[in-house]
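J.: One structure follows; several queries about it will come next.
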Amino acid sequence: MAVLAAFLYTAIMGIGMFYMKTVQGITYGDPAMMNLFWFILIILNALNAFWVTRYFGWQAIGFRPLDRQQLLWFLPSIAVLIAMWVVCLSGLSQTSLTAAQWQLFAVAGFTTLLVGLGEETMYRGIVLHAFLTTHRVRWAMLVSAIGFSLLHAVNVFGGVPLLSVPAQLVMTFLLGFLFASLMLIPIKYEVAPN
């Protein structure tokens with residue numbers, strides 16, 4: 001089921017890229033891409049929610065109840081992020097951005113959030129955890145990383161030059177393997193004997 005879910009996710013992303021490029025005339029990386037692509041990402045995230053609730057379960061793919069004591073470790077990161085946002089927004093407020101530029105800024109942030117949520121749910125949630133049931137951790141990490149990498153191959157339909165795709169596939173494979181490792185760190189400590 002996880003392979004089918006990942007295949008459909010990638011196919012819808014590819015169709016979205018193709019539509020964006022051929023029908024709308026917007027190429028990958030163009031700021032105008034954000035005005036269309038958030039809608040495709042909402043569809044993909046809704047599809048993820050369907051797969052998870054119907055076939056997997058939120059806890060089974062890594063969404064566990066929050067441990068308030070562990071949240072203390074995030075306070076330094078949260079403080080840095082808040083400081084960065086204050087500096088960024090104060091700098092932006094001193095520039096004369098148009099309403100359309102502010103809207104693009106907000107849509108880009110929203111789209112980025114949807115990209116992260118969708119890809120992490122699919123590849124580090126559904127795919128990685130489905131293949132972990134075989135108790136072969138490296139195999140699960142490899143499948144998750146390959147799926148994540150292949151997702152980015154569809155960027156060619158959005159106008160990414162064909163010669164740029166292999167480098168993007170290698171980078172996303174390596175990042176996918178890293179992200180899978182990071183996802184598994186809490187699991188390792190949960191199952192380790194105390």
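These residue numbers are counts, starting from 1, taken along the chain as shown.
Backbone N, Cα and C define each Cβ position, glycine as well.
Here's the feature list from TrEMBL:
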TRANSMEM  35-52  transmembrane segment
TRANSMEM  72-93  transmembrane segment
TRANSMEM  99-118  transmembrane segment
DOMAIN    102-183  domain 'CAAX prenyl protease 2/Lysostaphin resistance protein A-like'
TRANSMEM  139-163  transmembrane segment
TRANSMEM  169-187  transmembrane segment
J.: How about long-range neighbours of the transmembrane segment (139-163): same chain, 6 or more residues beyond its ends, C-beta under 8 Å?
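T.: For the transmembrane segment (139-163), the far contacts come to 6, 9-10, 13-14, 17-18, 20-21, 27-29, 33, 119, 122-124, 127-132, 169-170, 172-177, 179-181, 184.
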J.: Please report, as numbers and ranges, the same-chain residues at least 6 past the borders of the transmembrane segment (72-93) whose CB is under 8 Å from any CB of it.
T.: 105
J.: For the domain 'CAAX prenyl protease 2/Lysostaphin resistance protein A-like' (102-183), how many residues does DSSP put in helix, in strand and in coil?
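T.: Secondary-structure breakdown of the domain 'CAAX prenyl protease 2/Lysostaphin resistance protein A-like' (102-183): 75 helix, 0 strand, 7 coil.
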